[in-house]
Each structure stands twice: as C-alpha cells, then as structure tokens.
Amino acid sequence: MDPQFCMAHHYVLQHAGVGGGGVPPPQLMAAAVSRADACFPGDESDRACKRKASLPLQEDPDSKLRRQQEQNKAAQQRYRERRKRREETMEATLLLHRQQLQQTAEYASALEGKLRALEAAMAAQQQQQQQQQQQQQQQQQQQQQQQQQRLAAAPPAAAAVTPVVAAASPAAPPSPTNAERPPPPAAAAPCGSASCGGAAPCGGGGGSAASDEAQGRLRYCASIAAIQSFVRAHGLRELLRSG
C-alpha cells in the first residue's frame with residue numbers, strides 16, 4: 001500500500017477524532033478528507049482513492065445511537081424554544097385582550113353613568129314641566145274662580161237695582177195738583193225726599209186721618225230713598241246715568 005495513502009488515512013482518522021477503529025460521523029470525515037487533500041496533494045485519482053478509502057462502508061451502531069440522541073436533543077431543544085415563544089406570544093395576546101376588555105368595561109360603565117345622569121335630568125325636566133303646568137292650571141282656575149266671584153258679586157247688585165228703578169219709574173203716580181191734593185193733617189210732617197218735593201207726609205197723623213193716597217206717596221218716597229242710598233253705597237250712580 002502506498003505509504004502516502006496510509007499517512008493520509010491516519011491523518012483523516014486522527015483529525016476526525018477517532019483514536020482506534022471507530023467510525024467518525026460523515027461530517028467530520030468530510031472535513032478530515034478535505035484537510036488531507038490540502039496536506040497531501042496529488043493527482044485526482046489519488047484524491048478519489050483516498051476519499052473512497054477514508055469513507056466508512058458501514059456506521060457503528062453506538063455512533064449511530066449517539067448521533068440519533070444528539071439529533072433528538074437538538075429537536076427537543078428547538079421544540080421547547082418554539083413552545084416557549086408560542087407561550088410568550090399567547091401570554092402577550094391574552095394580556096392585550098384583558099387590557100382591551102378592561103378598557104371596554106370602563107367605557108361601558110362611563111356610558112351607563114352618563115345614561116343614568118341623562119335619564120335623571122330628563123325625569124327632573126319632565127317633573128318640572130308638569131309642576132309648571134299644574135301651577136299654570138291652578139292659576140287659571142284661581143283666575144276663573146275670581147272672575148266668577150266678581151261676576152257673581154257684581155251682576156246681582158246691578159240686576160237688583162235696575163229692576164227696582166225700572167219698576168219704580170213707570171209705576172210712579174203722577175203728582176196731584178194743588179186743587180186735587182187734600183189738606184194734610186195737622187200732626188203730619190213733610191217728607192224730606194227731593195223727589196216728593198217735601199209735600200207728601202211721611203208719617204204721623206193717627207191712622208184714620210191718613211188716606212190711601214198719602215200711604216201710597218209714603219211708600220213711593222221710601223222706595224226712592226232706599227234706591228238712592230243703595231246707589232250711593234255701591235257707587236252705581238254712573239250705572240243709573242247710563243240707563
């Protein structure tokens with residue numbers, strides 16, 4: 001065997017980390033072969049032969065198991081990292097959702113407070129409007145009652161005066177002339193009413209001496225005096241003047 005090939009093979013195994021007859025992993029073998037090519041230059045046939053001789057035909061079961069365990073560990077490590085990142089992302093998303101829910105709840109509570117305040121203000125305004133309407137109705141009723149009381153107090157007095165005046169004026173007997181008037185009795189006193197002219201007796205004279213005509217004049221003068229006193233007391237002079 002070529003001593004240069006043996007040295008290259010020994011160099012490959014030494015740099016691959018295998019001290020005895022073990023078989024290194026393919027990656028280490030490829031690196032060792034590339035180093036051997038750099039250290040022991042030759043033609044292409046020698047290099048191909050050295051590569052073929054340095055590569056193992058069959059992998060050792062222990063090395064295969066170790067390699068699989070390392071691959072499994074690396075895969076588990078990658079899975080744990082991915083799961084950790086996913087959990088962190090989920091926690092951040094959950095925290096964001098909680099903050100959004102809290103903000104939504106605060107906004108909803110603020111809206112409920114505003115709605116209650118608005119409802120209370122509307123209820124107070126409606127109550128105030130109802131009170132104002134009731135006060136206006138009460139004022140209108142009071143005004144109507146006062147008007148009715150005034151109408152009930154004033155018209156009866158005018159109605160009571162007007163018929164008396166209307167009934168007394170046409171029914172007043174004509175004043176008799178001096179020739180037709182009988183002489184008054186001695187004890188009779190003249191009437192003080194201006195409408196009678198002071199000619200009719202107002203009382204006295206002993207019953208049998210007073211005639212029916214004198215009694216009629218007396219009643220007439222008394223009614224005229226009562227009407228005048230009522231007019232003066234109630235201020236109805238203008239009403240009498242207006243007719």
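Residue numbers in this text run from 1 along the chain shown.
Cβ atoms are placed via backbone N, Cα and C, with glycine included.
TrEMBL: automatically predicted annotations, no manual curation.
Straight from TrEMBL, the features:
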type	residues	note
COMPBIAS	61-70	compositional bias 'Basic and acidic residues'
COMPBIAS	147-170	compositional bias 'Low complexity'
COMPBIAS	171-187	compositional bias 'Pro residues'
DOMAIN	67-82	domain 'BZIP'
REGION	50-86	region 'Disordered'
REGION	147-195	region 'Disordered'
Note to self: Limited to the domain 'BZIP' (67-82), I'd like the whole-number average of pLDDT.
What the structure shows: 94
Notebook entry, point to check: Using DSSP, what's the helix, strand and coil tally for the compositional bias 'Basic and acidic residues' (61-70)?
Noted result: 10 helix, 0 strand, 0 coil
